[in-house]
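Engineer: Just lifted these from TrEMBL, have a look:
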{"type": "DOMAIN", "residues": "77-112", "note": "domain 'EF-hand'"}
{"type": "DOMAIN", "residues": "167-202", "note": "domain 'EF-hand'"}
{"type": "DOMAIN", "residues": "205-240", "note": "domain 'EF-hand'"}
{"type": "SIGNAL", "residues": "1-22", "note": "signal peptide"}
Amino acid sequence: MLGLCFFLLVGQLKLVRWPVAAMGMVASMCTEPIKRRRAEKDLDDKVAAALRERARSRQRTFRTVNSITMRLPRFKDGLRDIKDVFDQYDEDSNGTIDNDELRSCLGKLQVQMSDKEADDVHRYCDVDRRGGIQFQEFVVLLCLMYLLFGPDVTRRVSEFESAKLNYVFDELIDAFLFFDKDGDGKMKRKDVTRRMNEASHQERTPSHTTAQLFKEMDLNRNGKVNLKEFLYSIIRWAGHETEDDDASNEGSP
Ligand SMILES: *[C@@H]1O[C@H](CO)[C@@H](O)[C@H](O)[C@H]1NC(C)=O
Ligand SMILES: [Ca+2]
Ligand SMILES: [Ca+2]
Ligand SMILES: [Ca+2]
């Protein structure tokens, strides 16, 4: 009897909750222009196809989470180089690459793109939707251009640093492929949980930690993390850590 009451209660809760969630979803679908979503999906598909091709044609770089963690210092180093590139294209030095500045950047990259496609890339990489490309978004943009158009892209933005930048982008993309087990361009929560706990000699990562991690990465809350979301999150985390490092290094020998 008690059990039955419990199920009825849960059932009622579901009935109350479901329409609210559904209404929220419908509302957000209506407010988000259809064209924008289509452009977003187009680029998602292109990135996923490039990832599949890459997974087919290259050897795996990472076999454990630790092997990824070990590369982080080098990755942070690379971020500093990309900051120099960013500053170069942020012509008025106001911390944002606006539409005109982006045009001149894409021109320099010599990627074949119509005006509309350039706008789509702009919108796609404007992750925080504040308009304009901030530094973290610029790293995402360059990395995606690298994946889609090949290593010449970085040579055109920075001849001296291009080998280093390519190395960083390769590592980032391969880190994503490590988690994206079935190679469809999307990480699922269970992929992350599984990978985090693969090494049997390690302590298990508590499930609430991986859940939190995943939630932070899944920026649009659709239950999957694509390369764009993954890159943006990694860069954000690395950036925070760099600031902490700088602060704690001051005054130390
Ligand atoms: C930088 O300038 C652009 C255009 O001139 C503007 O849209 C943007 O809001 C500015 N960004 C900041 C952070 O002031
Ligand atoms: Ca600017
Ligand atoms: Ca932005
Ligand atoms: Ca997502």
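Here the Cβ of each residue, glycine as well, is placed from N, Cα and C on the backbone.
Note that the structure is predicted; figures quoted are calculated from it, not measured.
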Engineer: What residues in the same chain, six or more past the boundaries of the domain 'EF-hand' (77-112), come closer than 8 Å to it by Cβ-Cβ distance?
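Structural biologist: Same-chain residues near the domain 'EF-hand' (77-112) but 6 or more away: 118-119, 121-122, 131-135, 138-139, 142, 145, 148-149, 152-153, 156-158, 161, 164-165, 167-168, 235, 238-239, 242.
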Engineer: Would you mind splitting the domain 'EF-hand' (77-112) into helix, strand and coil residue counts from DSSP?
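Structural biologist: Split into helix, strand and coil, the domain 'EF-hand' (77-112) gives 24 helix, 1 strand, 11 coil.
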